[in-house]
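Asker: The structure's right below; bear with me while I get my questions together.
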Amino acid sequence: MSSKKIRSYQLQEDDEINESSVFLRSNPASTSDEEESLQVQTFEAPISQHDEDEDYYINLSESKVLAHKKENLFKITLVSMMFFTAFGAAMSPLVTLQISKICRDLFSYGPDGNTNSTGLYYTHNCDAVKAQQVNSRVQSMFLILACLLAMLTAGKVGQLSDVHGRKKILSICLSFVALQASLMAFLLGDHVPFNFYVFVIAKSLDGAVGGIKAIIGIFRTYTIDLADPKDRVASLSVVGGSVYFGFAVGPIISAFISKVSGGNDFYILYFEIIGILLTVIFLVIFVPETHYSHLKHHPRSSKSIFHTFKCIKLFYIPESRPRRIKVLLVLVINLIISGTLQTAGQAIVLWSTLKFHWGTAEIGSSLSFMGACRVINSFVTAPAYMKLLRSGGYISNSIESHNGLTKVDIFNIQFASVVTLLEVLIVLYADSEKWLYLAMAVGSFNVLSGSTIQTALVKLCHENITSHGDIEGGASDTKTGELFGALSLLETLFIMLMGSVVMITFSKTASTNPNFCFMLLFLMVLFAVVCGFFLIPDDGDDSIREDYEEQE
C-alpha cells in the first residue's frame, strides 16, 4: 500500500499536465511575494475504490481552473434546484392534508353524529378553529423536537462534511428527507388514525441530520469552496436563489399534479419522494467532491466531533473585542431575519387558511409568487446590484476579499432588516389577500443582503476557520463547513424558541386576535434594525489592509 501523503504540484508556464483524474477540485494555497506569480492549485480525486490509499492529481492552467469551478458551481446549483423543487411541491399539500386529516378524524361528524371517516363532511361540519388549534400545537411541538434534534446534529454535520466530504454527507441528509416524506405519506393515509405524537415524531425525522438548515449550510459550503472571494456574495445569491426557485416552481408542479389527478394530493407527495431520490442519484454520479482528502489522513479528534456546541467557538474572536461585537451583532440580525422568514411563513399559511379559507391551490400560488420574487432578486437583481457597486468603485476587491466589514456590507445588512420589518408590518394590517402578496414581494428584497450576512461572517471569522502550514505542502485546513454548521445550529435553536412561541401564541389567540403573533415578530425585527445601526465598517483599518496585502 502506498503511503497516505498529499502531493502538491506548482503550475508550470507550459501548462503541462502531469497526471489525469476523474474528479477535480481546487485547494487555496499561500502565494509568493511577486505579484505575477501563479497560485498553487491542487486537484485531486480517487478514481478507484479498489485502492482507497491512492490519490490522483491533475494540474491545469488558471483558465481551465475557473472553467471547472463554474461548471461545478452550476452542478451544485442544479442539485439545489432539484431538491427544493421536490421539497417545495409538497409544502402546501402537507398543510391541507394534515388539517383535513385532523378535521376528518377528530372534528368532523356525519348526520348520525358519529365521527366521519370519509372526509365528505370536512367542509361543512368541521370546526375549522379547533382544527387549526390542534394543527398549531402539532407545528409547535414539531418545531421544538426537530430543532432539539437539529441542535445536536447541525454543527456536527458541518464538521463531518469537512472531514468526510460534502457529497457524502449531503447525500445522507437528502436521503433522510426522502425517508421522512415517505413516512408522512403513509401516516396521512385514510387507513392510519391520527396520532398527535406519532405525527410530531415523523415530521421531526430530518432533524436527525440537522434539518433543512444544515442542508442549506452544506450548499453554502460547497459555494464557498468553489467561488473566488470577490464573487462569494453573487455566488451565494445564485445558490440561495436556487432554493427559492424550488419554492416557486414546486407549487406550480403541485397544482398541475393535483389537477391531473383529480385533486388527489397524495400524488404530490409521491412526486416529492421520487424527486429527492433522483436528486441524490444525480449528486452521487455527476457532482465532484470539493473537500480536502488530507483531512481524512489528519482527522480531528473524536472528542471534537461529538462535542455538540464546540463549533460555536468559531464565532469568538479572542484578539479583538470590536470584532467580537461585530460578529455578535451580525449573528443577531441574521438569526432574527432567517427566523422571521420561516416562522412568519408558517404563521401566514395558518392565518390565511383561517381568515381567507385558503386551500392547496391558494397556498401553492402564494408560495410560487414568493419564490418567483426571490428568484428574480437572487438571480438577476442581486448580481446586477453587486456588479454596479463594483463598477462604481463602491467595492474594492482588496477590501471585499479580506476579512473586514465594509460600508456596503453594513448598508446591505441594514437594508435586509428594514424590508423584513416592512413585510411584517404589511401582514399585520392586511385585510385582503392582495396585501399578503405585497408583503411577500417587499420581503423578497432581503435576499439582496442575505448572502452578504453569510459572507460577512466568513470574513470576520477568517482567522478561526483557516490555518496555514498544518498540512504537508502548505495547504490550508479550512473549517468552512463547521462554521456554517455552527450557524445552522444557532438558527435552529432560535427558530425552535421563536417558532414555538409564535405557534403556541397563534393557537391560543386564533379565535380572538390572530394578528397578535405578528406583533411579536414586528418587535423582534425592530430590534434587528436597531442592531444594524451599531455596526462599524473596517474600511479605515490599516492593519486589516496590511494583513491582506501581506497575503497578496
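Glycine too: its Cβ is placed from the backbone N, Cα and C atoms.
Note that TrEMBL annotation is computational and uncurated.
Sharing the record's features from TrEMBL:
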REGION    1-38  region 'Disordered'
COMPBIAS  19-31  compositional bias 'Polar residues'
TRANSMEM  73-91  transmembrane segment
TRANSMEM  138-157  transmembrane segment
TRANSMEM  169-188  transmembrane segment
TRANSMEM  194-212  transmembrane segment
TRANSMEM  233-256  transmembrane segment
TRANSMEM  268-287  transmembrane segment
TRANSMEM  327-349  transmembrane segment
TRANSMEM  410-430  transmembrane segment
TRANSMEM  483-504  transmembrane segment
TRANSMEM  516-536  transmembrane segment
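Neighbours and distances for these, please.
Answerer: Sequence-distant contacts of the transmembrane segment (138-157) (same chain, six or more residues past either end, CB-CB distance under 8 Å): 98, 102, 169, 173, 196, 199-201, 203-204, 206-211, 213-214, 217-218, 305-306, 308-312, 346, 350, 482, 485-486, 488-489, 492-493, 495-496, 499-500, 503-504, 507.
Sequence-remote contacts of a segment are chain residues at least 6 beyond its ends whose Cβ falls under 8 Å from one of its Cβ atoms, and for the transmembrane segment (169-188) they are 83, 87, 90, 94, 97-98, 101, 157, 160-161, 198-199, 202-203, 205-206, 208-210, 212, 214-215, 218-219, 222, 266, 269-270, 272-273, 276-277, 279-280, 283-284.
Note on the transmembrane segment (194-212): residues 87, 98, 101-102, 105-106, 134, 137-138, 141-142, 145-150, 153-154, 156-157, 172-173, 176-177, 179-180, 183-184, 187, 485, 488, 492 of its chain, located 6 or more positions outside it, place their CB under 8 angstroms from a CB of the stretch.
Same-chain residues lying 6 or more positions outside the transmembrane segment (233-256) and placing a CB less than 8 Å from one of its CB atoms are 73, 76-78, 80-93, 216, 219-220, 222-224, 226-227, 268, 271, 360-361, 363-365, 367-372, 374-375, 377-379, 382-383, 386-387, 400, 444, 447-448, 450-452, 454-455.
Within the same chain, residues 330, 333, 336-337, 340-341, 344, 348, 436, 438-440, 442-443, 445-446, 448-450, 452-453, 456, 515, 518-519, 521-522, 525-526, 528-529, 531-533, 535-537 sit at least 6 positions outside the transmembrane segment (410-430) and bring their C-beta atoms closer than 8 Å to a C-beta of that stretch.
Through the fold, the transmembrane segment (516-536) approaches residues 322, 325-326, 329-330, 332-333, 336-337, 339-340, 343-344, 347, 405, 410, 413-414, 417-418, 420-421, 424-425, 427-428, 498, 501-502, 505-506, 509 of its own chain, all at least 6 residues removed from its boundaries and within a Cβ separation under 8 Å.
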Asker: Considering only Cβ pairs within less than 8 angstroms, which of the stretches 268-287, 327-349, 483-504 has the most against the transmembrane segment (73-91)?
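Answerer: It is 268-287, which has the most Cβ pairs under 8 Å.
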